[in-house]
């Protein structure tokens, strides 16, 4: 049937081929079915399946397509009754938008569809979609049994006809018949000979503008789902049997896809239902556990307002319990509301038009699924719900054994359907809460009864009994609390126990008590408290926590005892103890002072060092210890110098007592001697003082002595540690304390002073003895050469000597005079050492020269004794910085001693060597040697190898040589040491001097070291010399020497006489003795320089003096002399000095 304005044929699908042949058509159909299978099975969403069906069939198979489902339950289950989504393609939606999700029939214009039930298949249909026959048979599906879930037209403007098709037209189109027979049906235009039934179908087709149509049943797993209809309205196509077969194949695939979607949706719903059941079981378990832990009504209400609300998924909650006689309800707990929002519902009558009141009144839960249901109650409730955003509400009564305790209201932020599962779950939650509330109420009653009984009993106790909650707030005020603190029960109950503590200590004590109870369940201690009138009262508190059967704390109990009387008694007792202690301390102090006085008196009774040491050891026994030891370190190791024991029979054991704490380390005594700090070992039982280095005898003695306590103090006096005193307790059972240390140190200090006095006295005695011996030695040594000089001089004066004897006499006189000069030089050097005025001049010196000069000077003496001298000198030259004359003096002293103590025929060896830093002069002999006891004293003044008269006089000498050597070497920055294997085995003395840092050394000839008397006297012709000296012999000798050299000499015996001669003469130079009586040489030179005319006042002057110190030479030069020459002087040296002054040469002087 042709129609005007029909659309042109649609474009071909991608897989279509031209259909000129049947083969091409079959190919297209097969490809269509393959594409349909792939797309329809590729989704489990019913909407997507129907969308793909429309895209596949329109326009390829039909100009329009509809899908009608027979069962509402099937459409609903598959989600096809939900609102239709917007079309994903084309000009219009694939589904009829007029078909509501809650209605199967077309919705009249302007009127929303009614909400149907979601109970499954429509009433009156069997499970296969056939209407029930009242006579027991089946009839076709009723008109209301169909639900059109999809409608698609190639021309979107005509989709309204598909949506608005009437049930009668559906019936005439044969949809019910197709469902009833399960067979596909072709509908098309009919000729005039058609039957009435066919004509009715044609009329229906005409109403849709359809030329030809097909209706195909949707059957899956033997179950009829609905009908799939296709129609041709815009094209000239007429369906054939082949088209019907193709449509049936497509319907089969659509039915399978929809059934799969249905099965998937059912499985998802089952899974979600199982998850909800598991979640609710977990919530019910958690809420039950929380309610079990809540043992008081407030705790149960807290759980109800938190955990139960969360389990129900509610936003707000309100708990109202019956109050008074039960005619009113009181809101005891709420959550999610502001105070102003529920002020109206604090208390309300049971007859009020409120959900909670109705639930209690009717003993039934009230479920309000939407705002419309909420709006049926009183305006105040409606306004409250609007303010909080509640759009659904449930009020559930609290049942317990047929009684209604109250009700719980839950508010929800979204409308709710409240399924049977939802309602059962909330009923179970509220029922658990009702049981927990009653259980807590009964427990509280029991506790209150027990507390009341306890309160009555505790009223009779003398202590204050306080019961508080876990935060320290007072709940019961019992016993003598009122009389102790002054507060009435109504004044203090409900307040914190911190009110009873001093203001500045409240936070500290309250927190400490609660923390200790939480940590250890008990607090015991004294707390300073305050009464109501502000007075303080000392309280002894014993507090503990009371727990339930599961170990959870319920409340705290504190027993408060007023300990004022006890404190007063304790103070009296403490005062008495202090008085007794002070008296005992005073008595002990008096006893110790008396003992110290006794110690001082006893120690001062003797100045003998050894006796003082022994007295010290005896004095401290048994006052301070049971045995005492005094130790000193004499350089050879520690040794006991005095011991004492309370039992004299044990004193021999003390020589084995040598305590040491750790092997390999200094013992207590050694440490005290080194540090000066006392060491106390309060308890040394258990062989603490034993050590592995002990011998068997030492270990046995230590066990026999059985020390208990050990104290070592230093004997210190005037900054020196003289020794150590060890105090040990044993038999007395005493253990030393720190107070004993101070007392022992005081005793040790006094003893040390006595010991130091004894030492000083001994040293003074030794010094006096040495002085006497030295004076005797000096007298002897000086008189011996004088004896020879005087004897030979008198014999020569008597003229009784021939020329040979006279020559011998002169030689003896010269030799003894030189020896006497040497003795005097040593005395002067020793004096300068003692006074610290010995000076040296520092020059770069080649050390070989003074060593050789000293060897040459000693050779005559050595040869006279038959002693050979062997010299080994470093060939490369050894350079040091020093005074060449003093260095020669050092070597000469060493050689002199070596020769002196060598036996006739002995050997003296001299070695000069050097290393990287030092030069060493070593003088060795094979003579008498030195004992070990004498070695430490060889460098002391006035000391000789043997201090006895016989030993000292065996070799002679003053005993000053080595003392001077040590001092001179130290002034040069060096060191000297003397060693000897022992008596009769020789001696070695080594001097080490730092090497010079200069590149070269001053070349010194032997003449520069000592004048050579063989040199000819200088000529002094024309030189006028004035000599002033008070000694006639010296004056005559000097005059003779200078006249022999050709000088004109005038003499004066005093300064006055010299001044007179200077007024009448003009000498070339002056020779003045400094030590003249009256006006000395300094006074004379001052007069010469200041008073005489310029020419005479500038006359060169030579100072001749026995004062040979460096400062003496400086003083002479500063006074106005040009040269300083010490006595005695060699004649040639005098002549050379006069020559140098007379000719204007640079002056030089000899210091020694």
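Using N, Cα and C of the backbone, Cβ positions are placed for all residues, glycine too.
Record features (TrEMBL):
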REGION    81-142  region 'Disordered'
COMPBIAS  83-96  compositional bias 'Pro residues'
DOMAIN    456-501  domain 'PAS'
DOMAIN    523-575  domain 'PAC'
DOMAIN    777-997  domain 'Histidine kinase'
DOMAIN    1024-1142  domain 'Response regulatory'
MOD_RES   1073  4-aspartylphosphate
Based on DSSP, tally up the residues of the domain 'PAC' (523-575) by helix, strand and coil.
12 helix, 30 strand, 11 coil
DSSP three-state assignment (helix, strand or coil) for the residue listed as '4-aspartylphosphate':
strand
What average pLDDT does the predicted model assign to the domain 'PAC' (523-575)?
88
Have a look around residue 1073 (4-aspartylphosphate) and count the other CB atoms within 10 A of its CB, chains all included.
23
